[in-house]
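Residues or ranges marked as hexadecanoate binding site by Swiss-Prot: 61, 94. Under the heading domain 'DegV', Swiss-Prot lists 3-280.
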């Protein structure tokens, strides 16, 4: 089996993984005040948050290019590939997953699967990494898909946003609820539900209590089994490092890493947002 792995630029990937010849990353363009950017090409994460703060309206992200995906899939057979696996951002935040399902049976001599990851950002990047590890240890395509299904079902992220007004602009919270929330110092904890949709998990008074609750949730959720935990932030590195230290102090093991939200999730949640993602080691 020669396996090609696809993902999109919403995945948080290490420089080492990005250099692999059998990895194909589809760009997700972001439009900020009429200018189009692609993160990692002509836009860094830091620049994105700077531009978003100065923009007259929220940035808009597009779906990855189906034409580009088709072009690469068409070329795979002559490169000796026999299988292709696409791990893209959750169907709960993008229509791309639904829009490409017709392609699975369109390429003769190529076995293709596009599972719904129900997640994005750093956990999505770790899924990609896991697939390469399983392939390298000799797993066949069916076994990789089975392990991936287990991993997807036990992966999520819990999120605390810094600015409720940003959720209003994105249509995730009413203006009245945001005004009341700001007055009462309410910090809603959001999460990726089992449909891969970002929704409110619970509401907590004050950031300090919300941070403590985030840690409790992750500790409860990852109590059985081995997990990788990632602190993901929207241009808030100091807050993220502080939370990482809290997690280590609470005994969540040594495998707690840091990552940044890119433009896709950053647009939804705003600067200062912070999340705890978790994914099982299989």
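Any Cβ shown, glycine's included, is placed from N, Cα and C.
Long-range Cβ neighbours of residue 61 (hexadecanoate binding site) (same chain, at least 6 residues apart, Cβ-Cβ under 8 Å): 28, 29, 30, 31, 263, 264, 267. Other Cβ atoms within 10 Å of the Cβ of residue 94 (hexadecanoate binding site), summed over all protein chains shown, number 21.
Per-residue confidence over the domain 'DegV' (3-280) averages 90 (mean pLDDT, predicted model).
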